[in-house]
Amino acid sequence: MTAITDLGLAGLRDGFRAGDFSAREIADAFNGAVAGAKALNAFIIETPDHATAAAEAADRARAAGELLPLSGVPLGIKDLFCTAGHQTTAASHMLGGFTPTYESTVTGKLFAAGAGMLGKLNLDQFAMGSSNETSAYGNVVSPWRRNDGGNAPLAPGGSSGGSSSAIAARIVPAATGTDTGGSIRQPAAFTGIAGIKPTYGRCSRFGIVAFASSLDQAGAMAQDVRDSAILLEAMSGFDPKDSTSLDVAVPKWEANLSSDLKGKKVGIPKEYRVDNMPAEIDALWRQGIEWLRDAGAEIVDVSLPHTRYALPTYYIIAPAEASSNLARYDGVRYGLRDLPEGANLQEMYAATRAAGFGPEVKRRILIGTYVLSAGYYDAYYTKAQKVRALIARDFEEAFRQVDVLLTPTAPSAAFALGEKSADPLEMYLNDVFTVPASLAGVPAMSVPAGLDGQGLPLGLQIIGRPLDEQGVLNAGLAIEQRAGFTAKPQNWWAK
C-alpha cells in the first residue's frame, strides 16, 4: 500500500473522498514527516495545529456531505505570503517578529477551499536568489544527492527552495511558490517536481511581500502536472485589492487536461541553444521535441531575437523595483528596529537596514538605486523597459506561428551549496532560460523529464500564450506521460 505521504494532491483528495483515510490521518502523517525532516531546513515555522484544525473540519464536512475542493489536503506555504496570525518573514531578519493581521488573497482562497497549512516554507531572502542560500534562517538543502558517492549538500534552487525541497522529499504534497524571474521553475527542475508560473495577473499579489511588482507572480508547485493544475485553479481569480489582477474567469484546468496535441504547433526557439550548453541538457531537449511530436504536435523552428538581452534587462528592472519596494522597511512601523543609543531618525534608518538586510538584498537595492538615479535613469532603466517591450513583442510574433514553446528550464542540474555563491554573475546565469517568459508576462511551466549522469533531475520548460495555461499544462502532461519520471531521492534526512 502506498504511504499517505507518497500521495500527491489528487491522490490525497480522491482517497479522502473515497473514504480510504480520514483527513486527520493525512494531517498527522504529514505533520510527522515535517517534524522529522529538520535536516532539510525547508520550513521557517511549522504550523501543525493549523493543519490539524483544517483536517478535523474536513472530516466533519465529509460526514455532512459538504466537501470543498481541497478538503483534506494540507499544503506548504512559501513564507512570502502573509498569513493572519502566523509569522511572515520573507526569510529576512528585517521582518523578524512580524505577524500579519490579514491574509493574502492566495492563501485565503486556499484555506476557503478547505486546505490546511503545514507551515511557512523557507526561501531566498525577499525572494532574491537562485539557490536558497540568502535566507536569514539558513540554507535549504535539497533532498537529492549525486550518485557518484559525493555527499556535498545540493542547492534546491531558488527562491522557492523550501517549497521544492519539501515536495521532493514528500513532506508536503504541494506548495505555493512565487516566480519573478524563474523562482518556481528553476527549483522545480532542480528537484524533480512540477511548477507553473501563470500569466501575470492570474493570481492576486495582495498580501505577498513584494520584490519586483511588475514581475512577481504566485504559482503552484507539486509532484506532477495534474496536481499543479488543481492547486493553480484554487489559487487563481480576480481580486479588486490588486490593481494588476486580471478580471477573467478561471478555467477548469484539471477537467480539461489532455495529452493529445494533434493540431498543435510547438516552437523551438533557436536562441536558447546557448554556448557551452551541457550535452545532457541538449539531449533532453531533443528528446522532449520527439515526445511532443509523438503526442501529435508539429514542430516549428522559431526565433526570439532579443533573448540574449533578457538577463541584463531583468537585472536592471527587478533591482530597480526592489529598491523602491524595500524602501518601506525602516524600523518605524513593524519588523526589526535597530536604535543605537542617542541615534537620530536617519541613523536609526541606516542601522536598521544595515542589520536587517542580507548581502544579496543590499546588492540588489544598490544596483536598483543606481539605475534609478538621475544621471543613469535613461541610460539604464528607460532603455531596459524598451528592451522588455521588444522581448514581449518577440513572444507575440512567435505565438502567431505556434501554440507553445519548448526549452530547457535551467542550464544545469543542481549545483552544490556554496559552489556559485562567491560569484553573483554566475548565480544570475541560472535564470537565463526562465527570465524571458517573466519579462513577457506569459505562462510557463517546468516538468521533470530525466536525470543527468550523476542521477540528478533535469526539467523541460513549456511557455504559452497569455492566459493559455491550459495549453502549457497539456503539453506538460504529454511530456510527463512519455518521460515516465518516477525517480525519488533516497531518504537520508528523516530522524
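From the backbone N, Cα and C atoms, a Cβ is placed for every residue, glycine too.
What you are looking at is a predicted structure, and each value in this text was computed from that prediction instead of being measured.
According to Swiss-Prot:
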{"type": "ACT_SITE", "residues": "Lys78", "note": "active site, charge relay system"}
{"type": "ACT_SITE", "residues": "Ser159", "note": "active site, charge relay system"}
{"type": "ACT_SITE", "residues": "Ser183", "note": "active site, acyl-ester intermediate"}
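Projection of Swiss-Prot feature records onto the structure.
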| residue | record | DSSP class |
| --- | --- | --- |
| Lys78 | active site, charge relay system | strand |
| Ser159 | active site, charge relay system | coil |
| Ser183 | active site, acyl-ester intermediate | coil |
Could you say which of the active-site residues Ser159, Ser183 has its Cβ with the most other Cβ atoms inside 10 Å?
Ser183
All-chain count of other Cβ atoms within 10 Å of Lys78 (active site, charge relay system)
30
Rounded Cα distance in angstrom between Lys78 (active site, charge relay system) and Ser159 (active site, charge relay system) is 10
Measuring Cα to Cα, how far is Ser159 (active site, charge relay system) from Ser183 (active site, acyl-ester intermediate) in Å?
5
